[in-house]
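J.: Residues annotated as active site, proton donor/acceptor in TrEMBL: Asp295. Per TrEMBL, the feature Zn(2+) binding site maps to Glu145, His212, His233. The substrate binding site annotation in TrEMBL covers Ala156, Asn236, Ala237, Arg244, His273, Leu329, Cys330, Gly331. According to TrEMBL, the feature domain 'Amidohydrolase-related' maps to 66-397.
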Amino acid sequence: MTTPRSCDCDSPQQRLLQFTNCRLVRGHQLVRDDLWVRDGRIINPEPVFFDEQARAHKRIDCHNAIIAPGYIDLQINGGYGVDFSHDKDTIEAGVNKVAQGLVQSGVTSFCPTLVTSPNASYHAILPRIPKTVPNGAGIVGIHAEGPFINPQKKGAHPENCIQTIDKGLETLETTYGSLERIKIITLAPEKVSDPEVIGQLVAKGITVSLGHSVATLSDGERAVQQGATMITHLFNAMLPFHHRDPGLVGLLASDAVPQGQTVYFGIISDGVHTHPAALRIAYRTHPEGLVLVTDAISALGLEDGIHHIGQLPLEVRRGKAFIAGTETLCGSIAPMDECVRIFHKATNCSIVYAIEAATLHPARCIKIDQQKGTLDFGSDADFILLDDELHVLSTWIAGACVHQCVQ
């Protein structure tokens, strides 16, 4: 398999591009068809043929590659030496560095994720996270993972910064400074005493995710009935499955979820955090809700050594990341394309499903599937070219090439 001979990185947006000799991920299957792009969007070629009678300014031979929507990572703490929760004085440059690095693994959109931190850190960091990054993955909102979690399942979160929601929505606004940039909030449902808070967050367009929790299934069902629609890194930082009370894991098969509502769940398929059998259980139990996330940390792309996650030092040893001096896992160092390949191999799912778990599903989870996570006409021209082993050949954002594999 070879990459397209030209990445055409400097093409004006108005040019009409035609990608040929390719297979598109469309309609939950691989379809042999051309992909047409103009003005940063995927277009229907029929009006071009019949109304405009125009031809492509450039035809790109994809050499039988798969064209898929760009990957979307809803939970990533940093990478390439950058920690979004710790490097507040250099956050703009740090986000730029990560966004430009992520395109190498096929990620075209992401949610910078902040772990539990002091209020002052949120106030300093949130307003300074850029909204766009030239030649980098797009930022579709911020994931605030904490501080409203259960200290019994704190993982890599500093216990002295964990809070309770004691004044409803006012507590969250005081903590974060503003909710404007936040797209996802991870909280422990058993720690939410005000029944209106979750609904108020959802009304603001925020996805409420349940995690770092010792919640019972009843706690989880109550939160879902109030509007929560996601579970943070399933199986990790929550009670293990028990046959008499399956806890948050039980939401995958609960009959108390409101009709028409999908419970999505992030899952880390990095070969470390989640056993292949657990990946298969989640996939077979609730396939429409499965969302691949990296939960990547600052050590993504770095060698073994001491780094940071939020307020805590971390140590990378033998390809795994731990809180320094402990055996507590604290995030992944596997890029998204590797997670997709690991998941595909572990579950024996279709290539299309593995791709959609990192594209369509996360887009649906945060309600951006009209623009991203799809190759439908009118959607953003954020896409990747893959070989049959799901290795990234090139990455395109708004119809411009931002990364090409050198072979």
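Think of each number as a place in line: the chain as shown, counted from 1.
Here the Cβ of each residue, glycine as well, is placed from N, Cα and C on the backbone.
Automatic prediction, not curation, is the source of TrEMBL annotations.
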J.: Averaged over the whole of the domain 'Amidohydrolase-related' (66-397), what is the pLDDT?
T.: 95
J.: Far apart in sequence but close in space: which same-chain residues, 6 or more away, have a Cβ under 8 Å from Asp295 (active site, proton donor/acceptor)?
T.: Gln75, Ile76, Asn77, Thr113, His233, Gly266, Ile268, Asp270, His273, Gly331, Ser332
J.: List the Cα distance (Å, whole number) between Ala237 (substrate binding site) and His212 (Zn(2+) binding site).
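T.: Just about 5 Å between their Cα atoms.
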J.: Return the count of C-beta atoms lying within 10 angstroms of the C-beta of His273 (substrate binding site), excluding that atom itself.
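T.: Around His273 (substrate binding site), other Cβ atoms within 10 Å: 22.
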J.: Ranking the binding-site residues His212, His233, Arg244 by other Cβ atoms within 10 Å, which is at the bottom?
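T.: It is Arg244 that, of the binding-site residues His212, His233, Arg244, has the fewest other Cβ atoms within 10 Å.
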J.: If you count the C-beta atoms lying within 10 Å of each candidate's C-beta, which of the binding-site residues Ala156, Ala237, Leu329, Cys330 ends up with the smallest number?
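T.: Among the binding-site residues Ala156, Ala237, Leu329, Cys330, the sparsest Cβ neighbourhood within 10 Å belongs to Leu329.
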J.: Using the CB centroid of Glu145, His212, His233 as the Zn(2+) site centre, which other residues of the same chain sit with their CB within 8 A?
T.: Gln75, Val115, Gly146, Ile149, Gly155, His157, Thr186, Ser209, Gly211, Thr232, Asn236, Ala237, Asp295
J.: Do me a favour and check the Cα-Cα span between Cys330 (substrate binding site) and His212 (Zn(2+) binding site); whole Å is fine.
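T.: Here the two Cα atoms lie 12 Å apart.
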J.: At 10 angstroms around each C-beta, which of the binding-site residues Glu145, Asn236 has the fewest other C-beta atoms nearby?
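T.: If we count Cβ atoms within 10 Å for the binding-site residues Glu145, Asn236, the smallest count is at Asn236.
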J.: Quick check for the class: what is the C-alpha distance, in angstrom and rounded, between Leu329 (substrate binding site) and His212 (Zn(2+) binding site)?
T.: 13
